[in-house]
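These notes concern the structure reproduced below.
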Amino acid sequence: MNDYRPSPFNRAGAYAGAPGEVVRNRVLRNTYWLLAVSLIPTVLGSAVGLYTGINRVMAASPGMSAIIFLLGAFGLMFGIERNKNSGLGVALLLAFTFFMGVMLSRLLGFVMGLQNGSQLIMMAFGGTAVVFGAMATLSTTMKRDLSGMQKWLFAGAIVILVAALANIFLQLPAMMLAISTLAVVIFSAFMLVDLQRVVNGGETNYVTATLAIYLDVYNVFTNLLVLLSAFTGGNRN
């Protein structure tokens, strides 16, 4: 989308012009703006899920929750990509992050039931921030083009998705830990690739860039939280 100064959200459309340092900097700046703003609906969605009891309903029906998640997430992502050149794309992205917050409330509700649940959530948040900071720094300093990694990372993400769906029915703790460990690695690498693509001018639409990086951050956070809960979680209250 075009530069939206003074407002952080301009409805004018996406950057489609020639690549250049000015354009790259604007896309990167706008992406960080929208990424930061997108965390607000995520928090609100989580609060709604927790305080309305939606998290307990999802915990009682994991299979149905997975179906709702897949339909809602992929439906909204399709809408975002179709409208990424307009203000509707921004609105749909914020709706998507709210939806993801509601879905996150199931995990947060479980963790908050642990004696050290609040501490674990803060640790996962801090760990995610460290990963993001490291990947953002690497994306600006690495000379090697990492775009070739995308197909392998995508294949890994598909494996994670299939394994996670299977484990809804298998309920194997060891498999859950293996999935979460692999997910942290895969999506940390995805974060680096996605950030470098923006830095190098390969992505010229800040809505698309924000969606990709948001998903990376979301997956790193949730899977770090799963691992922390498994290895350092206290007894349930």
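Cβ from N, Cα, C; glycine included.
Automatic, uncurated: that is what TrEMBL annotation is.
Feature annotation from TrEMBL assigns transmembrane segment to 32-54, 60-80, 87-108, 120-140, 152-170, 176-195, 207-231.
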With CB pairs under 8 Å as the measure, which of the listed stretches 32-54, 60-80, 120-140 comes out on top against the transmembrane segment (176-195)?
120-140
Contact yes or no, the transmembrane segment (60-80) and the transmembrane segment (32-54), 3+ Cβ pairs under 8 Å, gap 6+:
no
Grab the same-chain neighbours of the transmembrane segment (120-140) for me: Cβ-Cβ under 8 Å, and only residues 6 or more beyond its ends, written as numbers and ranges.
108, 111-112, 114, 188, 191-192, 195-196, 198-199, 217, 220-221, 224-225, 228-229, 232-233
